[in-house]
Amino acid sequence: MFKIIKCNQINNKLINKKIEINGWVKKIRNHGKVTFINIRDRYDEAQILVSDEKLLKITSQIKMEYCIKIQGKLNLRPLELVNREMKTGELEIIAENIDIISKCNELPFMIENNNNASDNSKLEYRYLDLRREEQKQKIILRSKVIHIIRNHLTKQDFLELETPTFVKSTPEGARDFLVPSRIHKGHFYALPQSPQIYKQLAMIAGLDKYFQIARCYRDEDSRGDRQPEFTQLDLEMSFIKKENIFKLIENLIFTIFKNSLNITLPKKFKKITYKDAMNIYGSDKPDTRYELLIQDMSKALKQSPFDVFKDTLQNKGTIKALIIKNQAHNFSRSKINSLEEHAKLYKARTLYFTKIENNEFTGGIAKFINPIKKTLIETYSLKNNDLIFFIADLWETACKAIGQIRIKIATELNLINKNIFEFLWIYDFPLFEYDEDTQSYKAAHHMFSMPQAKYINTLESNPSEVLGEVYDLVLNGTELGSGSIRVHTKELQQRIFNIVGFNDKIAEERFGFFLKALEYGAPIHGGIAIGIDRLLMLMTNSNSIKDVILFPKNSFAASPLDKSPSKISNEQLKELNLTIENNKN
């Protein structure tokens, strides 16, 4: 009788015992009268020694990635043949029976080394890509992290609730994925971009602690590393302040990292206001793993004879600068030109520079800086071989553009420590932002966020100045989560709808059911959503969120694996009362 075990269960206690393992052929080496097979399962790998003549005939048919069953006796390897790179490297199974469970076609790429395979090929054969140890461990870690989340929150009396997947389309932000109704012809469901309204309804219902591992869907244009469907930890609590959310999430993430990666994080994360983040780092999701802080030189350069600086300051703009210490020799003119073009991508008019040699400013706009060199050198402790970049523009443009230069320079100078995790809370966000294209206000985060108390009575007088009870969690320069304290009265919610251009009729059409609920004793409540895909990407130091999703889409929101999206039959269209227009243009 053979004992069925997994590869990681092989140990010295089973020596001379009859065992059975099942798995995939990772490696096969034919040495004439002896063949060695390395078999892999989810847990580990093991070496099989085959010397029986009948079995050698079977092994001659076996190729890489065949799925096989091995029965045999566990032996110690000879000392000179011990493989220290394998956990089971001191042991091997002497094969007594071999069954080929299923064959494997010629591989589209090598499993153990598929660096030359295209992304589309790896997605088309994702089930093969997942046999790689690195990829497999990322998916296993994902499962572990989700288990830790559930366990941690359940212990704190959170209820795991499931909000609807078919919801009312309430267009705002990204486009909805729409699902036609067969029963209600001409009507459509939307797939949720987030469970936002429904988790708020759960708070109104009195279910005061909610969480969900939520699937979310956004029909966004192809860009970068976006996925049309993604997973987030969504949670909400009643009768709280933002500090309660901060503490909850800090404890949760501390537990996740400790129990999954054995990494001990600080129990409290740093906090910074949105305005300070923009001024110091040039970003509302700053990477704080390196210094390279932005300087506001508006006051210091007020006396500069440079007309651009004068005009900028007269028009209520600002001058932001980056001081690159002792690195001027590493920046050629072509590299500086490249940085200038990079700044223009972020709406900056241009990027100015100068450097210090022999205690004089030289190059770039040096002639406009030398008249005030003493002030600048003393104020900013400048030294020879220092390089300074300037952007003069309106505040937001100057901050964002110099912030992007900061990131690019830090990357080129290898200043980023990729082995640390820097969490950061950003708070005091503007509640509204002005859209120059539409000449109207829109919600900076979303329309259900609470204004700070001091702005409520004067909300409409200057929406640009209103700060919200809004907060983001940032990890290593990536926005990991976003949340807020929510509006809990119908009157205030309608005022916010009006500011963002939803008159009472539109608000009633889109959100009438929610406004009605706010009239039935809504509690103070707030929450946050944490991107699980992004969290796992950063935890595993992956280049893409595709690496941590079981079956991801490509950059065009399509699946090479199952060829979705796909056309449907005329019969299906007819059932849904739909027709497809052929646009010959």
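Just so it is clear, glycine is given a Cβ too, placed from its N, Cα and C backbone atoms.
Going by Swiss-Prot, these are the annotated features:
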type: SITE; residues: His31; note: site 'Important for tRNA non-discrimination'
type: BINDING; residues: Glu172, Arg218, His445, Arg486; note: L-aspartate binding site
type: REGION; residues: 196-199; note: region 'Aspartate'
type: BINDING; residues: Arg218, Asp219, Glu220, Gln227, Glu479, Gly531, Ile532, Asp533, Arg534; note: ATP binding site
Distance check, please: Cα of Glu479 (ATP binding site) against Cα of Arg218 (L-aspartate binding site), rounded to an integer number of angstrom.
17
Fill in the CA-CA distance, Glu220 (ATP binding site) to His445 (L-aspartate binding site), as an integer in Å.
17
Note down the number of other Cβ atoms within 10 Å of the Cβ of His445 (L-aspartate binding site), including every protein chain shown.
19
Mind giving me a neighbour count for Arg534 (ATP binding site)? Other Cβ atoms within 10 Å of its Cβ, every protein chain shown.
20
Shortest C-alpha distance to Ile532 (ATP binding site) - which of the recorded positions His31, Arg218, His445, Arg486:
Arg218
Fewest other Cβ within 10 angstroms of its own Cβ, chosen from the recorded positions His31, Arg218, Arg486:
His31
Distance between His31 (site 'Important for tRNA non-discrimination') and His445 (L-aspartate binding site) at the Cα atoms, whole Å?
65
Using Cα coordinates, what distance in whole Å links His445 (L-aspartate binding site) and Arg534 (ATP binding site)?
19
Looking only at Arg218, Asp219, Glu220, Gln227, Glu479, Gly531, Ile532, Asp533, Arg534, the residues listed as binding ATP, what is the longest Cα to Cα distance in Å?
20
For a three-state summary based on DSSP, what are the helix, strand and coil counts in the region 'Aspartate' (196-199)?
4 helix, 0 strand, 0 coil
Neighbour count (Cβ, 10 Å) for Glu220 (ATP binding site):
14
At the level of the C-alpha atoms, what whole-angstrom distance separates Arg534 (ATP binding site) and Arg218 (L-aspartate binding site)?
16
Under a three-state reduction of DSSP output, how is His31 (site 'Important for tRNA non-discrimination') classified: helix, strand, or coil?
coil
